[in-house]
Amino acid sequence: MVMGLHLLLLVFILGLGLTPPTLAQNDIRYIKFLDQHYDPKTKNGNDKYCEKMMRLRNMISPCKEINTFIHGNKASIKAICGNQNGEPHNGNQRISKSAFQVTICRHIGGSPRPPCRYRATAGFRNLVVACENDLPVHLDESIFRP
């Protein structure tokens, strides 16, 4: 029993040593990207939506100047980092081939401390993202593309 436990522990430790740390870091950056920008449930955000989401996502201490929420599915967003839904843009960035429904929340002045007030702009935009290991890790901008 003890020998089997030691063998299991050894296999686990070896597995940790063989996992590249960059994979775990990229997963964390991708999760942070989703936390800041992904909201599949809402289709059209308004000012109250922005104030609520910015508070729920902890982006109000200090008040974040601007944030874009993407209302699409994860597979389509991830596909920007590949050829299915993305193409090279400005060096190491990628731009989506298709437009996504988004809500852009802009801080409307006043104090950088809560309570934060936001103005919502909803629409369809192409996304410009930075990718690492085929995962989006930074939303650079959302643009109208002819």
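Cβ atoms are placed via backbone N, Cα and C, with glycine included.
Bond annotation: of C105, C116, C131, only C105 is listed by Swiss-Prot as forming a disulfide with C50. According to Swiss-Prot, C63 forms a disulfide bond with C116, chosen from C81, C116. When the recorded positions H37, C81, C105, C131, H138 are screened for a C-alpha within 10 angstroms of the C-alpha of C116 (disulfide bond), no residue qualifies. In this structure the C-alpha atoms belonging to H37 (active site, proton acceptor) and C105 (tRNA binding site) are separated by 11 Å. Checked against C50 (disulfide bond), the recorded positions C63, C81, C105, C131, H138 differ in C-alpha distance, with C105 being the nearest.
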